[in-house]
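S.K.: Here it is, the structure, as structure tokens.
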Amino acid sequence: MVMPLVLSLALTPPPLCHATLVDPRTTLQCHVRSYTFRATKPPIVNENGDPVTCQGDVRVSSCWGRCDSSEIGDYKMPFKISNHPVCTYTGRVSRTVRLSQCAGYPDPTVQVFDATGCACQFCNSETQLCEKLNG
């Protein structure tokens, strides 16, 4: 049985291990950045009828930044030519994390992905959610 996983994202500053610091007000690049989010698995009922919960903070590497975009007028519908790349991963690795607050939960693990590289690219709907980004 597949159980849904609820995630809430809490932004954290980039780790201090980077050789150069990025000024978020001026960067026009895409960077790997560390994020922390709260992962919550759905509650279950144990054999005594008591609810058992499972959650914990998870740190992942993700992409963050800004990309140059443009639009120019055109004589054909939709009367514009759009160029809107997004900051997205160029590689990722999967890992399994054990959540910290899961006493009595049968499987306290979740699968997460870490970005290994980031770049400004056009959205790929086969691997990313591209709503309202493709034109």
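Residue 1 is the first one shown; counting continues down the chain.
Backbone N, Cα and C define each Cβ position, glycine as well.
Pasting the feature list from Swiss-Prot:
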type	residues	note
DISULFID	Cys30-Cys87	disulfide bond
DISULFID	Cys54-Cys102	disulfide bond
DISULFID	Cys63-Cys118	disulfide bond
DISULFID	Cys67-Cys120	disulfide bond
DISULFID	Cys123-Cys130	disulfide bond
SIGNAL	1-19	signal peptide
S.K.: Quick check for you: of the disulfide-bonded residues Cys30, Cys54, Cys63, Cys87, Cys120, which have their Cα within 10 Å of the Cα of Cys130 (disulfide bond)?
M.R.: none
S.K.: Once near-sequence residues are set aside, which residues in the chain of Cys54 (disulfide bond), 6 or more away, have Cβ atoms under 8 Å from its Cβ?
M.R.: Thr40, Lys41, Pro43, Leu99, Gln101, Cys102, Tyr105, Pro108
S.K.: To the nearest whole angstrom, state the Cα distance for the pair Cys30 (disulfide bond) and Cys118 (disulfide bond).
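M.R.: Roughly 6 Å, rounded to the nearest whole number.
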S.K.: What disulfide-bonded residues in the list Cys87, Cys118, Cys123 lie within 10 angstroms of Cys67 (disulfide bond), counting C-alpha atoms?
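M.R.: Checking each Cα against Cys67 (disulfide bond), the hits are Cys87.
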